Amino acid sequence: MDDNKKKALAAALGQIERQFGKGAVMRMGDHDRQAIPAISTGSLGLDIALGIGGLPKGRIVEIYGPESSGKTTLTLSVIAQAQKMGATCAFVDAEHALDPEYAGKLGVNVDDLLVSQPDTGEQALEITDMLVRSNAIDVIVVDSVAALVPKAEIEGEMGDMHVGLQARLMSQALRKITGNIKNANCLVIFINQIRMKIGVMFGSPETTTGGNALKFYASVRLDIRRTGAVKEGDEVVGSETRVKVVKNKVAPPFRQAEFQILYGKGIYLNGEIVDLAVLHGFVEKSGAWYSYQGSKIGQGKANSAKFLADNPEICKALEKQIRDKLLTPGVDTKAVGSREAAVADDMAEADADI
């Protein structure tokens with residue numbers, strides 16, 4: 001850059017700083033790059049698939065999927081993990097369906113959880129914005145976008161047409177709160193439902209509610225699906241769950257994680273640790289027996305996971321080893337995910353032979 005351009009740029013930067021304050025325009029090289037802080041989801045496999053060890057703070061996240069796929073369970077798991085780190089969390093329950101007893105079983109400290117059950121969509125989003133601007137909240141969950149009913153629709157008659165009202169409401173609210181979320185370093189999670197587009201001949205007919213604004217503003221979008229049942233004998237005790245990272249602005253997207261959600265207990269973390277520890281050589285598997293550092297810890301995955309539950313020090317050590325190996329730059333976690341699924345299938349077959 002020649003001297004005249006340098007002087008012109010310096011004058012422009014000086015004027016901008018006087019008018020808008022110091023730091024309005026910065027050179028990216030002036031400050032060291034910092035890793036994006038993350039909050040664990042409670043699922044080790046999903047934390048690895050997200051690439052940074054969890055959901056990013058200071059960003060908007062959308063979690064969507066069919067009914068009973070585990071959307072609320074996943075967000076309550078995030079809240080439980082955040083509270084363990086001393087974070088303050090809020091739950092905007094637009095669906096009026098939050099069960100405090102179930103949340104407590106998942107590890108949520110319900111006494112400290114802030115809960116709002118707003119009457120209208122405008123009220124829900126205004127409360128969310130005020131909580132963000134307080135700079136005192138670390139995690140806010142809005143359950144769900146589909147239940148954010150505009151005031152005009154509530155006050156109108158049942159058969160009235162209100163085309164695009166909810167989409168305009170979401171677009172306006174997201175424009176308003178996005179900057180505040182970044183400044184407050186607050187994680188805001190929107191739960192969303194799936195609808196079907198009529199007359200789609202090619203491609204997926206599925207879409208999410210509330211228009212397109214949330215798709216653009218969200219830094220991470222997670223598609224959660226129930227893929228099967230977890231059984232003990234003939235009794236169904238949980239769900240096999242697959243989460244696909246369909247959008248990710250903080251790490252490579254399109255990775256996926258598979259884990260189990262046990263009814264009344266939440267995400268089966270110890271089972272994930274056993275699978276990943278075997279995959280990466282921290283735990284040895286011979287037939288149906290699992291061994292750690294030369295000593296047997298259990299026959300079958302369920303018994304090995306129970307051993308980890310009874311020995312939290314070993315469980316934490318294994319989890320740390322896995323995170324240190326897979327959450328370092330240069331690790332191809334997409335390839336890891338496909339290998340993990342293949343190994344999990346092999347182990348399931350071996351356990352079934354017990």
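Glycine residues also receive a Cβ, built from the backbone N, Cα and C atoms like all the rest.
Database features (Swiss-Prot):
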type	residues	note
BINDING	Gly65, Pro66, Glu67, Ser68, Ser69, Gly70, Lys71, Thr72	ATP binding site
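Annotation for Gly70 (ATP binding site): same-chain Cβ neighbours under 8 Å, separated by at least 6 residues, are Ile224, Arg226, Ser239, Thr241, Ile261. Same-chain residues at least 6 positions away in sequence with a Cβ under 8 Å from that of Pro66 (ATP binding site) are, in sequence order, Ile194, Arg225, Arg226. Taking a C-beta cut-off of under 8 Å and a sequence gap of six or more, Thr72 (ATP binding site) has these contacts in its own chain: Ala97, Leu98, Asp143, Ile191. Close to the recorded ATP site, the chain also has Ile224, Arg226: residues not among Gly65, Pro66, Glu67, Ser68, Ser69, Gly70, Lys71, Thr72 whose Cβ is within 8 Å of the site's Cβ mean position. With the fewest other C-beta atoms within 10 Å around its C-beta, Ser68 stands out among the binding-site residues Ser68, Ser69.
When secondary structure is read from DSSP and collapsed to three states, Lys71 (ATP binding site) falls in the helix class.
A simple Cβ count within 10 Å picks out one of the binding-site residues Gly65, Glu67, Lys71 as the most packed, and that one is Gly65.
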